[in-house]
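Notes follow the structure.
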């Protein structure tokens, strides 16, 4: 009796197991005296979907090639299920890779392409037929089993490539920007398909992309890379809401950054009920004029780096477009920064407003659109006031990101 393909090989990600499958320790890679990977350390759990995210040239594809065995590290170690992979060639590792170019065999049918790896392993014919049938059903291509790759759409070809990669039940599947050649609508569809397949099969996925939306929508964790180093490793919510530095803040999603001067730092202290508060800092936003006098002091939650902050220091306030609120400049109820609308983009459920503050700084606000609310009828060059709720911002220290 053959094992069903639908039986997870590993514990699915939803079980949140803590068992480590892949361990990268002190990895370095050097080409011609240029270090392209610098002290990479990462533990990846069984059944996890983790994304290596970063701009072109950050080292993410090089790291994937080291894991796959296509290249060897200059230093450090790679452990897969506790076994050292150093020196082991790619074809000897329980790892499969899906590339941007799917490399399907044009002279073979869809079913023959998917079965190819099983035939190389001399799996019995009856078992091959069963597993191919199950795999094609899982990727919803059973009705195309006898088609040639050139007769398929881009999304269908990609699903064939994934089916061929996972039918061998690898412990680890590596995906190098497999969605980048697809159009936007199909890319969104395939994001859902990939996550569904990963969850049902329970195979650990390491996904490489430069697309922040792909990373945020599919990943259990994201490892943000720049210049051969990890900048931050965390869940999509952690990466988006609490970026570790200015690079991550600017690279992930759309960002408004405001300079502010620290006016007071207040340490943790017990409240009236004896509970310890997180403390707070007071800042004055440096960006622009406000109505009726100087910029007010804002009372903010105490950032993680508050022990290193002194009165007079400059910090960065991170606010996403959806955090900002727009008011009439004559509104007396809300304080805020003055500016004018220089562009307005209707996107169905939201209205995006590009605003130039009085000092020339350009920011973006995104609000849910309400056609019955006259306050949404912003005209170009119309004066507005921009504000936010204290506590919605994320505070980062001043740094040089170049």
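Cβ atoms are placed via backbone N, Cα and C, with glycine included.
Look at residue 55 (ATP binding site): DSSP puts it in coil. What Swiss-Prot records for 54, 55, 56, 57, 58, 59, 60, 61 is ATP binding site.
What Swiss-Prot lists as domain 'ABC transporter' is 22-252, and the listing cites sequence analysis.
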Counting other Cβ atoms within 10 Å, pick out the least crowded of the binding-site residues 54, 57.
57
What is the Cβ neighbour count of residue 61 (ATP binding site) at a 10 Å cut-off, with all protein chains included?
18
Quick check: with 54, 55, 56, 57, 58, 59, 60, 61 left out, which same-chain residues have Cβ atoms within 8 Å of the centroid of the ATP site Cβ atoms?
210, 225, 226
Fewest C-beta neighbours within 10 angstroms among the binding-site residues 55, 59 belongs to 55
When DSSP is mapped onto helix/strand/coil, what comes out for residue 60 (ATP binding site)?
helix
